[in-house]
Amino acid sequence: MASTAAAVPFWRAAGMTYITYSNICASLVRGCLKEPYRSDAGAREKVHFAVSKWANGKPEKSSIRSDSHSE
Amino acid sequence: PPTPSSIPSKLTINFVLPYQSEISNKEVCALRPSPADLSESRLEFWQMGVLPGHVATIAELKPGLLSVHEGSEVTKYFVSSGFAFVHANSITDIVAVEAVPVDHIDPSLVQKGLADFTQKLNSATTDFEKAEAQIGIDVHSALNAALSG
């Protein structure tokens with residue numbers, strides 16, 4: 001009988017999404033670069049975003065976060 | 001896109017990254033990305049070649065070499081992951097999160113990373129940690145292969 005389960009990559013089976021997988025791959029590659037490319041790439045990893053909780057159709061508060069990729 | 005009546009002599013490629021357009025509308029002779037084979041029995045070093053007239057394809061690229069052949073000139077990039085879309089009119093779009101020319105890679109960091117992640121895989125407890133360590137091993141082995149290939 002044919003198996004009904006589609007083959008899943010190991011990372012998806014472990015609960016990771018493709019975008020997480022892709023970002024991990026990218027930051028690993030950046031970590032293996034020679035200088036000065038490595039420091040240039042380091043700047044690309046910084047994430048800057050604002051998060052706000054919504055209640056009753058209005059944004060309540062907004063916290064601005066600036067994370068660099070934690071590794 | 002429409003299929004042209006005759007096969008074009010060159011492949012037009014667009015290779016983009018989130019922060020820059022690496023190649024746009026360049027006409028090249030051939031392309032060799034490393035696609036991911038999503039079946040269980042995945043071949044480690046499967047290579048795919050794209051020539052003008054290639055059947056329309058969507059391929060998920062796994063970490064590996066992308067070599068662009070223009071006449072006798074070859075430019076090699078290491079792609080961290082991404083997708084390649086080959087359209088019927090031989091325009092190929094490649095998108096990647098990160099791609100570096102192979103000579104930007106530091107071999108000693110690659111070896112160190114490979115050793116680190118092999119060890120992490122042994123000490124990993126949760127599925128997620130194991131997956132992360134496995135990704136580390138895959139990416140570093142691919143980097144290694146790209147450096148020596």
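Keep in mind that glycine also has a Cβ here, set from the backbone N, Cα and C atoms.
Per TrEMBL, the features are:
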type: DOMAIN; residues: B:47-92; note: domain 'ATP synthase F1 complex delta/epsilon subunit N-terminal'
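This prediction places the mean pLDDT of the domain 'ATP synthase F1 complex delta/epsilon subunit N-terminal' (B:47-92) at 81. For the domain 'ATP synthase F1 complex delta/epsilon subunit N-terminal' (B:47-92), residue counts in helix, strand and coil come to 0 helix, 27 strand, 19 coil, using DSSP.
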